[in-house]
Amino acid sequence: MAMRDLVNGGAACAVPGSSSSSNPLGALTNALLGSSSKTQERLKEIPNANRSGPRPQFYSEDQQIRSLPGSELDQPLLQPGAQGSEFFRGFRSVDQNGLGAAWDEVQQGGPMPPMGPMFEPVQPTFEGPPQRVLSNFLHSFVESSRGGIPFRPAPVPVLGLSQSDKQCIRDRSSIMARHFFADRGEEFINSQVNALLSSLDIDDGIQARGHVPGRFRELDDYWNESQAVVKPNLHPADNWAAEFNQHGMDHGGPDSWVQSFEQQHGVNGWATEFEQGQSQLMSSQMRSMDMQNIAAMEQTRKLAHTLSQDGNPKFQNSRFLQFVSKMSRGELIIDENQVKQASAPGEWATEYEQQYLGPPSWADQFANEKLSHGPEQWADEFASGRGQQETAEDQWVNEFSKLNVDDWIDEFAEGPVGDSSADAWANAYDEFLNEKNAGKQTSGVYVFSDMNPYVGHPEPMKEGQELFRKGLLSEAALALEAEVMKNPENAEGWRLLGVTHAENDDDQQAIAAMMRAQEADPTNLEVLLALGVSHTNELEQATALKYLYGWLRNHPKYGAIAPPELADSLYHADIARLFNEASQLNPEDADVHIVLGVLYNLSREFDRAITSFQTALQLKPNDYSLWNKLGATQANSVQSADAISAYQQALDLKPNYVRAWANMGISYANQGMYKESIPYYVRALAMNPKADNAWQYLRLSLSCASRQDMIEACESRNLDLLQKEFPL
């Protein structure tokens with residue numbers, strides 16, 4: 001039905017002697033609630049629908065007066081001695097006959113007792129069959145929209161509405177109110193709808209403000225008697241039609257209705273309403289997609305946590321684990337049956353504006369093209385829009401139901417990271433598993449370089465120390481290898497070689513060198529502490545605890561507090577307790593605080609670890625490796641900005657500190673600043689091209705920064721091209 005028909009009505013007159021009518025508000029009522037015949041059938045189905053009886057008296061004497069219709073408007077203006085209260089007390093002060101006489105006097109329009117000025121009635125009273133009462137009631141609701149005044153309904157009799165009728169009125173009145181009061185605020189619209197629903201006793205738990213049968217039994221009796229008197233001159237339906245026609249003539253006829261409606265709800269108003277509906281629909285769909293992505297994030301978060309327990313550094317930096325980690329952090333999402341990079345808030349907002357809000361404005365186009373014939377087409381457009389919405393939602397559900405895990409893994413294999421097929425991912429995963437198993441078998445075995453120009457050098461140890469001091473770590477490692485090949489029992493040579501590999505971001509070689517140093521000198525405290533730190537970096541807690549306990553057991557100051565029998569059953573809590581005792585014995589020992597920081601990193605108590613390292617830095621402020629440990633702990637504690645500051649302190653003390661350069665890049669990447677992280681990885685690799693972990697980090701940042709054009713250079717390890725493209 002077009003809106004013009006709802007507003008203008010047809011040319012035919014009401015059918016005499018019946019309740020059917022072609023008047024616009026009658027049609028509007030039928031459009032909202034269905035025809036009167038259907039309503040009468042529903043009323044007949046309700047058992048005892050018209051039965052009313054006395055209800056329990058649960059109001060006090062004063063509450064009965066305040067609960068009369070309209071009393072909520074009068075209450076702020078009436079004082080305890082006001083004439084309104086005296087009027088009601090007059091009713092209660094007489095006997096039954098006196099009450100009847102007073103009521104007859106009111107009905108006959110006799111002179112009223114002197115009263116102060118009251119509010120003029122805004123809405124008429126309603127009487128007649130339920131369908132006619134409801135039609136008049138909704139008519140008054142529509143009238144309030146034209147006048148722009150708050151809807152203050154008069155009491156209505158019990159209509160016997162079914163639950164489906166109430167639901168229909170609740171839903172449609174809310175929709176129509178937003179059309180009628182489009183130029184008013186949301187608070188006004190809600191108050192209008194609430195007043196309508198409350199008067200019809202629709203909302204559960206809301207006490208109706210209208211007349212409630214049973215509160216005033218005497219007045220109910222007179223009400224029922226007055227309703228039994230039917231005026232003989234006009235049929236009720238004809239009377240209604242006559243009143244409406246007279247009202248239409250008084251207000252200028254149908255044309256003035258259309259003009260008034262267009263003024264209040266013109267083209268722009270409907271375009272705005274439609275735009276809001278579309279925005280809400282899109283938000284709902286986005287929330288549905290977000291829920292699915294949240295579920296995927298939760299599953300991958302559990303998987304990532306399980307995989308992260310593995311200690312192999314190459315597996316920790318594998319592309320498979322990186323993929324799972326990015327899914328768990330929400331950096332990858334499922335969209336249109338594909339795995340895609342999650343857009344930043346600014347990006348999707350810009351995309352939305354370009355697609356839906358860009359010039360020419362779709363709202364203006366909608367207003368010019370779709371509503372060029374006035375408001376009579378709005379009903380058809382609204383029905384069509386609803387059908388399209390439901391179709392779109394069904395299609396989305398059907399598409400998502402077809403999604404399976406294998407599909408999105410295959411899509412990702414060709415997506416953000418840049419591999420050409422899913423087989424590449426499977427092969428890469430198998431490769432890292434093999435390396436993981438091989439790493440366990442060869443753990444502790446030092447691998448010498450194939451080509452070493454320092455073999456045969458007269459003083460390789462001295463040369464290695466000088467190169468290490470200059471920060472040329474790769475060259476220093478070669479010189480120190482030549483030294484330990486010449487003197488295999490040189491514990492200091494092995495120790496310095498292990499330190500060089502650790503600073504060069506190669507913990508596996510560092511551990512192997514330190515183990516050879518321990519074989520040569522089992523009680524060397526620096527070696528034991530370095531082994532504990534390296535195994536902590538490899539997430540090997542049990543082994544790390546063994547070496548840290550060995551450091552305490554062999555220390556001349558603290559050996560007495562470390563019982564020998566504890567070595568058979570090492571627990572983190574016991575070791576931490578012993579080192580806390582040591583810190584109390586000697587608070588000025590920076591090494592004790594360093595070990596405590598390492599222990600708290602093992603238990604992931606990062607705040608306590610940060611405190612321990614900061615205490616140690618107060619004692620050794622120029623220890624660049626200690627600044628690096630603090631930065632790594634802050635990064636693990638999701639304090640990447642603070643970590644960058646700590647790494648910078650380490651680099652200021654030692655500019656060629658490869659591990660600090662790589663860690664700086666990791667901190668930027670953890671903040672989503674992938675473009676900024678790339679130059680730091682390139683700088684670290686320029687100083688140590690053999691740092692496999694740094695190559696993996698660089699490749700990931702290139703992919704996340706959408707620099708697929710440089711991935712080939714990363715794969716071929718073309719440092720010249722990378723340094724030229726990403727200078728620092």
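Positions of Cβ are set from backbone N, Cα and C atoms, glycine also.
According to Swiss-Prot, the features are:
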- 392-417: region 'Amphipathic helix 4 (AH4)' (REGION)
- 240-244: repeat '1' (REPEAT)
- 257-261: repeat '2' (REPEAT)
- 270-274: repeat '3' (REPEAT)
- 348-352: repeat '4' (REPEAT)
- 362-366: repeat '5' (REPEAT)
- 378-382: repeat '6' (REPEAT)
- 396-400: repeat '7' (REPEAT)
- 408-412: repeat '8' (REPEAT)
- 425-429: repeat '9' (REPEAT)
- 491-524: repeat 'TPR 1' (REPEAT)
- 625-657: repeat 'TPR 3' (REPEAT)
- 658-691: repeat 'TPR 4' (REPEAT)
- 240-244: motif 'WxxxF/Y motif 1' (MOTIF)
- 348-352: motif 'WxxxF/Y motif 4' (MOTIF)
Within the predicted model, mean pLDDT of the repeat '2' (257-261): 55
Long-range environment of the repeat 'TPR 4' (658-691) - Cβ separation under 8 angstroms, sequence gap at least 6: 331, 344, 471, 473-474, 502-506, 624, 627-628, 631-632, 635, 638, 640-641, 643-644, 647-648, 650-651, 697-698, 700-702, 704-705, 707, 717, 719, 722-723, 726-728
Secondary structure tally of the repeat 'TPR 4' (658-691) (DSSP, helix then strand then coil): 27 helix, 0 strand, 7 coil
